[in-house]
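Enquirer: If you scroll down you'll find the structure; I have some questions about it.
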Amino acid sequence: MTKSVGDEESQYIEDPSFAAAAAFTGGRDGVSYSNQRFAEGSGHSSDLAKSLEDYRPPDEKPSSLSSVGEGGANEEEKGGNDGGPLARIQTGLFSPRLRNHRKKILSKFVLNNFFIACVCVSLISIYWGACYGTDRYFFKVKNIVVLQDAPSNTSVQSISAIIPSLLASVPGTWHIYNATSFHRKFGTTNSTEIDRKIVDLIYDERYWLALNVKPNATDTLYNSLISQDANSEFNSSIFFESVFESGRDPSSVKSTILPLMQQLEVRLQKYYVKEYLPSLMSNITSNDRDLNINMENWAIAGQLLFTYNDYRPFADRILMAPLQVGLIYCILLTVLQLSLYGKLHGEMARVLKPKHILIYRLLISWATYFLLSIGFCTVSAIFRIDFTPAFGRGGFVVYWMSTWLVMMAVGGANENVLSLVIAYCPPYLSIWLMTWIILNISASFYPMVLNNEFYRYGYIMPIHNAVDIYKVIFLNLTKRKMGRNYGILVAWVALNTSLMPFCMKFAGKKMQKNAMQAAEAAVAAATQRASRPAEANTDKNNNPPGN
């Protein structure tokens, strides 16, 4: 059956995003027939035929036109009008012909490096800023101090009485209670309930640090000083307990927040050794000159130390992999799967209806994330990470399903944005990837209380909520926030899914426009070449091509 040039041109315009490929690889019949029409001198069809002839591979072309030099003149030809091929002549970098090219190179070099410098200053500074000026935000670190000690001897001042004054010079926001006010505030009735409630407050993340000064601290010290019984020695670590959870933030609790409690300990030690204990000993000896002193008890009483109880310790360094850098790889994996499916997505887009394209893309993406997530989680299992602290033997399944949800959240955003970036500005693809990673990790790897208010956007970022969930799985932290964490991740999946049709539509229109512009440029170039003198297309015997 005869195939008209008009049909070939119609296909070229109807599917512009694949026009060049169709003309280059699948349109050989069209090329040969178009050449015949060109020889016959047809009008517009000859232009298209010439354009298709130019897109043929070099080994299939009977000849190629000479290249145009910088000044517009044809460069040196190899072969000429004897039917031999024409080719570009390569030259040196410092050739006078490349003067304009050298200017272009210099201009691009300056502009590109200026742009990269701006990216470094604007994007990377976001991450650096999350670690900068930490001491300026200590006022947001809430801590609690409970002073249960109340001496039975009213003539003796409590050891802990000075603590409120000392806290005035220690950074942080300190909430101070005695036993009575604590009972009234939190509904406890005795010392045991106070001890338990303090641990619960730290576990529920109401406070970062707690100091619990237990009852009878001063009485025990006083009795050890006046008693000859060696068993009545004063052990300060029994009465001064500091409670915290290093697992709440492995990078900052021990290195940045816990030193606040240690500052208080140092100040209290200094006061105790230089003022309180000498005054107490002086009162004891002046009131009872015949007292037989147990010098060992007096020596032991000369030191005051806190007990530091870490109820959720961060003890296994391998956990830094899934809790921090591993989440960056999680983002990158979602981009990898998108690039691997790119060619297939293009093929399916030509044969599926718009509605079914959306269904196909969602099914492929979610199924891929499902398998990617189990592979990602298996790496943690290979390195013997414990999944059981919070959910027992089901911990791995919780980790797997959570990772799948995280991948759908970050991957869906990548898929939508990258489709627009590729359509409108492909060179900036890496800029989006850097931006997405930095925005996520800057507000996730460090506690909000030690950052500027700017970083509060992190509460809605997928990686921040993933970190909170993983800390529960691996470190058995409070589950109080898990509902919010999962809700935000589901919201991301829903948002990405609802935006996908619009992103695909805008990207498709832009790519279609780009393809049409390329097609018009090709036709214009073909028209210009076809308008050259007829003798430029004849061989040395003045025979038309194909005869």
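For all residues, glycine too, the Cβ spot is worked out from N, Cα and C.
Not my notes, these are from Swiss-Prot:
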REGION    35-86  region 'Disordered'
COMPBIAS  50-62  compositional bias 'Basic and acidic residues'
MOD_RES   THR91  phosphothreonine
TRANSMEM  109-129  transmembrane segment
TRANSMEM  159-179  transmembrane segment
TRANSMEM  318-338  transmembrane segment
TRANSMEM  363-383  transmembrane segment
TRANSMEM  394-414  transmembrane segment
TRANSMEM  418-438  transmembrane segment
TRANSMEM  457-477  transmembrane segment
TRANSMEM  488-508  transmembrane segment
COMPBIAS  526-536  compositional bias 'Low complexity'
REGION    526-547  region 'Disordered'
Enquirer: Under an 8 Å Cβ to Cβ limit, what residues of the same chain, 6 or more beyond the ends of the transmembrane segment (159-179), are close to it?
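Expert: Tertiary neighbours of the transmembrane segment (159-179) are 135, 138-150, 185, 191, 194, 207, 209, 211, 213, 215, 217-218, 221, 260, 263-264, 267-268, 271-272, 276, 304.
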Enquirer: What residues in the same chain, six or more past the boundaries of the transmembrane segment (109-129), come closer than 8 Å to it by Cβ-Cβ distance?
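Expert: Residues 431, 434-435, 438-439, 441-442, 451-452, 454-455 contact the transmembrane segment (109-129) from elsewhere in the chain.
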Enquirer: Which residues of the chain, 6 or more past the ends of the transmembrane segment (363-383), have a CB below 8 A from one of its CBs?
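Expert: That would be 318, 321-322, 326, 329-330, 333-334, 337-338, 341, 345, 396, 399-401, 403-404, 406-408, 411-412, 415.
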Enquirer: Taking DSSP as the reference, which of helix, strand or coil describes the residue listed as 'phosphothreonine'?
Expert: coil
Enquirer: Using a Cβ-Cβ cut-off under 8 angstroms and a sequence gap of six or more, which residues of the chain neighbour the residue listed as 'phosphothreonine'?
Expert: ARG97, LEU98
